[in-house]
Amino acid sequence: MADDSVNYVVGIDEAGRGPVIGPMVYGICWCPEEHHQYLREVGMNDSKQLDHAKRSELVKKLSELEETHGVGFKVTHLTPEFLSEKMLAIPRTANLNSVSHEAAASLINHVVSLGHHVTHAYIDTVGDPGRYAEFLRQRIPQHIKLTVEPKADGTYPVTAAASIAAKTSRDSAVEELCEGEAIGPDWVAKASESMGTADPGPVVTGSGYPGDPKTKAFLRTYHDRVFGFPPCVRFSWKTAERVHGEMHGVVFDFGDEDDATGPGMGAIMQNRPLLFRRKRVNRLKRVT
């Protein structure tokens, strides 16, 4: 059981906000206040300043510090399908910032639920820092002091540790995509058709960022005119929408939202992303 007489600090950061491929990952790290600066001494720094090998090494170090210094960490994956559902829902009730803020609040409350007495949260901002802080204040215990600012992962060791955990977890998720099994046989067959070969070779997603030529090539290769892209792609990103148009993809017109007064129309429009996902699953079953 946690000792609630020990004051804890937490740090939160995300990885993969911009890419069109793969999850957006939120990470939180917590440690006793007295050990906060020790995290810097063992190498915790902004994950963007570290290479893959160093980040992996530091994640292992975080696990070791759980026993010796009371350090812990957790990551949450916001999947491409989840993000697309939120961004494409009609009426739209969420945006990327609000989804991110909800993830951060949930992670802080998770640490509190473990019995730790959290006194301060250091958070790398998403959007306006003041609005972000106000959102969190309404959803976490009031005694927790909040520091929400840009580049917090370069200033506060506990936020740097969260950044490293999030980045390492996202990298692993994207690496799994490149193994091919996560794409699924239906999409491998689609790639074979696009490339005119029986064996499309390894799945190469690139970095997942819109400007990466390898990512653009992946989107064109693993594309279906009706069903769009594999579940690892964020349908709501402009890059995906643009490629779908360039590939002459089918556009479904659900009508004007203001005129959607017929029986059941609201439910159909509200669940449009879910409808697409069900179609993809059904097609996969027929092919295999």
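Heads up, the Cβ atoms here are built off N, Cα and C, so glycines get one too.
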According to TrEMBL, which candidate in ASP51, ASP124, ASP128 joins ASP13, GLU14 at the divalent metal cation site: ASP124
Model confidence over the domain 'RNase H type-2' (7-249), averaged pLDDT: 93
Residues close to divalent metal cation site centre defined by ASP13, GLU14, ASP124, Cβ within 8 Å: ILE12, ALA15, TYR26, GLY27, ILE123, VAL126, ALA152, ASP153, THR159, ALA162, SER163, ALA166
ASP13, ASP124 as binding-site residues, winner by CB count within 10 A: ASP13
Three-state secondary structure, GLU14 (divalent metal cation binding site) (per DSSP): strand
